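Listed in TrEMBL for this protein:
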REGION    B:1-20  region 'Disordered'
DOMAIN    B:82-193  domain 'PurM-like N-terminal'
DOMAIN    B:206-351  domain 'PurM-like C-terminal'
């Protein structure tokens, strides 16, 4: 599929197979597998939007690359980080937005109201910014119960107070029954980036240590456990939380962290692939080091999912200069939201743009960018 | 309906009948009409969301007052302006958000993409701020044609370039067919408020001159003319436009304008009522001075609508200190978007919080806050 190969090469969202062939790392990668890698669907030729376009994987990237980026132009958008970094009145600000269409509205450990705050607050935190102000736009479906709306609004307000962010402005639209799904929420947030902090994938260098702040896959499994048709008892609650405090703790050790990302849609795999692609380094993970709670592993086994691709809403992954890694890890573990932080891998000069995992049996597998989300409407 | 009266009194969104009775202005208001004023529906007791909750009128205000404001708290939200004024890193910023659910996506004179830029850019302009950065969140319905999405994105990008604002960050979610309506867009925007500019209804004083930037009702009629089941030929195109340049022209005359508002949902009537309620002054309009294009007047006559309540997307209403009114009006008329600007009334000390119009026959009518929007999903 040469057309797809070109697409990816042009956009830099994924390494082209030929580049890999040119820089083989025989001990790690089995060349035949790599060369056989191809995209399972002709993404560019999708005539209509499919669910996967909202999944945070390759299809989402295609949409940005082929529709939004050319139409909007602009240098800031081209950064494609969790948040944009902009300058205004002499202040360096992080600015980010997310819409929330999670189903159901309430789930173990949270609600769409919690997500609407923490999703955007965390995007800002990944720039090192403490969220200061949020906007909040509701799209309500005619007929939604006022009591449900009130519960969501209360959850949103409480989450904002916990995160230390103020809801400063809002908007409400109502659409006819059958043109929504109860409540959709968009939030946008702004926050100040501290002096000396410059977090972006381009700063990643081989040798950087990859740290994850805790067990992965929890949010996604919590949602799946209550999704209609899938109900199963896990006792797992979403990890939905605001990460600004944890990031502050890390930056207090050194402002010289290289990049932070919160692995939401598409999970840890999508976050690491985006960083690898944008930084031009490779990433090697020790599969055994990746913390997966037994209940998540069991649920994923039953559902045929890979925890690496399951969404998180209260975790971050950090690329830290080797000399600071130990101190940053210790600081993270001193914070409630980083108590189970651990090193899971490192940035390498081999296989630029690609993420691989060393398996427990001594083998190596490619952890590629997901096409879409395994389960739609996870956030 | 004493309960409703209490509701309004508590929230200050509308004068209570008894207050009016205490300060009668016999020459203007017929007391029996005022005392009989009551709300046609027990708003607080709506158990479910209805279309009118998204209409920008009394039902929308109820939602903010009883659900959002108590849940979110915060002093900035309580300003309830078109945009919030916030301070960050020493900069005074305007911050605003709007969601767009207009139907159809394309209409004479514009599209949801144009609206998504101009709606938010204009909210910022009403604070005197020139929009600098926009966020853009799409909620797409599965199955929407990629070509339609591309057209909308291109319109959005072009409108942003015209307005001089950069789309800095975005997000895309996809919902299943039957849970959306093609494309919904949320934008949030930030911009710098110039030093010395302080635009808010609390600054309005009796004697202020009320200026409108041009003919009203154009956007709403343009949408209605293509709405399914309502099609009629008017030749009218939406006035959708970015008002930042016009506002700059006005502020160049004097930074001491008192308040600006763009009369979108709920039309001029809603905008003036909000200003009257928040400022505690009355507003008297000369009905004959209000510019209504003949085609808008005809369409409204056919549909049984009042042009005062029809949405605009490229107009503003200004409360200007009397000593600056002539110069500001002249400056507005020198700008393409203000060529037909005219004085339509004044702020008065009588009937605080209430808007009245002197009719051509020498009578007076109350222009009250609409309950909802005359036609849903106008923006």
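Placed from the backbone N, Cα and C atoms, the Cβ positions cover glycine too.
Values in this document were obtained by computation on a predicted structure and should not be read as measured data.
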Secondary structure content, the domain 'PurM-like C-terminal' (B:206-351) (per DSSP, counts of residues):
61 helix, 23 strand, 62 coil
So what's the mean pLDDT when you look at the domain 'PurM-like N-terminal' (B:82-193)?
96
Helix, strand and coil residue totals from DSSP for the domain 'PurM-like N-terminal' (B:82-193) stand at 32 helix, 52 strand, 28 coil
